[in-house]
Amino acid sequence: MGPSGAGKSTLLNILTGYKTSGAEGSITMNGHERNLSAFRKLSCYIMQDNQLHMNLTVEEAMKVAANLKLGSHISQAEKEEVIKEILEILGLSEHRRTMTSNLSGGQKKRLSIALELVNNPPIMFFDEPTSGLDSSSCFQCISLLKTLARGGRTIICTIHQPSARLFEMFDALYTLAEGQCVYQGSTSQLVPFLRTIGLNCPSYHNPASFNYFQRYIDIIIKYYFLFAVPLELPVLLKENFNRWYSLKAYYLAITISDIPFQTIFCVLYVTVVYFLTSQPADMSRFSMFVGTCLLISFVAQSVGLVVGAAMNVQNGVFLAPVMSVPFLLFSGFFVSFDAIPVYLRWITYLSYIRYGFEGTALTIYGYGREKLKCFQVYCHFKNPETTLEELDMLDADFTLDILALVLIFVVLRISAYLFLRWKIKTVR
């Protein structure tokens, strides 16, 4: 317990192992030096903000947690029984079908606890569990933690200024001020301790609100910032730290799960465009066109992933279009390759738009396509090769364009993963 800026969350982050840099000292458990890797398997950390998947129902969120945390060696029926029992204990049975986004603040807090109870951790950490809750919800939350503690679990939480009713529910107290411990012991002994140092708590006052410490210290006000890029990052941080899954598994999952949707929509759009523009009914040519457009789509999405993983939303929205301008200008569409100065021509080799544009142009106008129909006296672009000549693409190689797009795609995906890994380490 302590005022804002006292170091409560910092201490909790160190105890949980969430942040290990910038701190010195030793942490023991049952008299032995703590093994962080083994300790994280025994504990969970429920942060101040309710980091939940808002597009899932309560039951769906619990099933995801059960499948990830309990593994395949436990049957689905047993998992269902665990979910049912936890939801009943936490009073969420009536909200199984409710979308997470529609839950109240207290219900979201209980769901956050429920998700971590799936694998029954013996040690649970909570950062400001009553933050943002009304008095009734605060009492329900702390009562729940008390019940969990009586069930044999060790419950450690930070709290700012609990009411007298809540204060009496805690067994042990560790009070901080300006990063220093000012009291450690049972809650019942706090008032006698204050009396021994000349601080008499008046009758009918809440000991947790008794703030004579301000006579000796200046309280530093701390503002809390939410890191929200990518938008799922807070959820990822919580679930990855609590060992739901590894970062590699998460990244591979979002990569694979997005492929079907992107493929379906891209193929539908490209098919309509291809046939509405009266292109040849040639299956091989059509397949090459669709394949090239799919690669362009995947690469463009990868660029977005890199930007999203490397910077926040505000900077990303501004910088992503700005960064794309050079690639667009040097793609060969606005300025032909021959007209680009030699000292700037290297940019064309980095432009995925150049390879995509070149590949689609070759599939449409290359490979011996017949002359286009034209009912005018003179049609300069009647011969498809004329178009390729104007675009400086007569010597272009479709295979090289595809290989370049694949290479850029792989490099961008790896870069996005490395940026995401770096950001997670930075936040921690």
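Placement of Cβ uses the backbone N, Cα and C atoms for every residue, glycine included.
TrEMBL labels come from automatic prediction, so no person has curated them.
Database features, via TrEMBL:
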- 1-203: domain 'ABC transporter' (DOMAIN)
- 219-237: transmembrane segment (TRANSMEM)
- 249-276: transmembrane segment (TRANSMEM)
- 288-311: transmembrane segment (TRANSMEM)
- 317-337: transmembrane segment (TRANSMEM)
- 402-420: transmembrane segment (TRANSMEM)
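If you count C-beta pairs under 8 angstroms between the transmembrane segment (249-276) and each of 288-311, 317-337, 402-420, the highest count goes to 288-311. Distant neighbours of the transmembrane segment (288-311): 229-230, 258, 262-263, 266-267, 270-271, 274, 279, 319-320, 323-324, 352-353, 356, 359-360, 363-364, 398, 401-402, 405-406, 408-409, 412-413, 415-417, 419-420, 423; these residues of the same chain sit at least 6 beyond its ends, with a Cβ under 8 Å from one of its Cβ atoms. Summed and averaged per residue, pLDDT over the domain 'ABC transporter' (1-203) gives 82.
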